[in-house]
Amino acid sequence: QYSPDSVAGADGEIDPTEITFPGCSCRSSSCVAPECPCLRRGDNYSGPCLREAEQGGFARPVFECNALCRCGESCHNRLVQRGLRLRLQVFRTPRKGWGVRTLEAVPRGTFVCEYAGEVLGSAEARRRIRAQSPQDSNYIIAVREHLHDGRVLETFVDPTRVGNVGRFLNHSCEPNLFMVPVRVDSMVPRLALFAATDIPAGEELSYDYSGRSHNSSGSSGEHKPLEEENRLRKPCYCGSPTCASFLPWDSSLFSTP
């Protein structure tokens with residue numbers, strides 16, 4: 001079932017459509033910093049692109065104006081919530097199954113699409129992953145956000161049965177997209193994919209499933225697998241010079257938390 005936005009999973013533990021953030025009272029059609037309380041958390045966008053900024057080794061959190069904000073739909077702090085704007089095409093690749101390519105040039109930093117699906121609690125996500133056979137395709141993504149105080153926020157999204165075009169994106173060890181958790185109505189993030197470089201028309205789109213490409217070493221939760229675990233891993237066909245030979249592996253999803 002195609003859905004442009006994430007939905008509550010069958011476990012019913014998390015509802016990504018719930019509105020828990022208060023709205024800003026800005027009366028202008030587009031909010032400005034520092035008057036807007038939403039932008040005090042970070043003015044992250046420059047037109048349709050994500051600004052590049054890090055503070056003290058941590059990425060700046062991204063919060064958009066939400067459904068309760070009084071600013072207009074044209075507010076520049078509303079980007080990911082507007083959804084897909086580019087012309088993308090799902091196509092059959094020679095070795096990797098389905099893939100996605102862009103039909104138009106994409107400048108660096110541009111929002112491309114969201115990785116949408118069922119938002120699951122950790123127990124249901126692990127149950128589904130452990131129920132898979134080695135031959136099954138795994139679409140479940142685990143995103144871990146490491147906070148400055150040592151806490152880790154986990155988000156699990158499964159587009160196996162309900163999802164959008166993002167589920168067809170392939171992994172690459174040298175990707176042209178990177179993922180950023182973007183919050184709009186609540187602390188449940190939207191998993192937004194942005195262009196990591198200028199992408200020409202016709203090029204396949206990909207991101208690093210482990211998050212290595214835009215994160216500090218060791219923050220992805222992936223580790224070097226034991227030799228016996230390699231039998232459970234799937235080969236990587238990205239073809240990049242730095243290809244790791246296998247798709248990313250996170251054994252914590254196969255264990256009891």
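Note: Cβ is positioned from N, Cα and C throughout, glycine not excepted.
Any TrEMBL annotation is an automated prediction that lacks curation.
Now, the feature entries from TrEMBL:
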- 22-83: domain 'Pre-SET' (DOMAIN)
- 86-210: domain 'SET' (DOMAIN)
- 232-248: domain 'Post-SET' (DOMAIN)
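Mean pLDDT for the domain 'Pre-SET' (22-83) in the predicted structure: 89. Broken down with DSSP, the domain 'Pre-SET' (22-83) shows 6 helix, 10 strand, 46 coil. Residue counts for the domain 'Post-SET' (232-248) under DSSP, split into helix (H, G, I), strand (E, B) and coil, are 1 helix, 2 strand, 14 coil. When the domain 'SET' (86-210) is classified with DSSP, helix, strand and coil residues number 13 helix, 53 strand, 59 coil.
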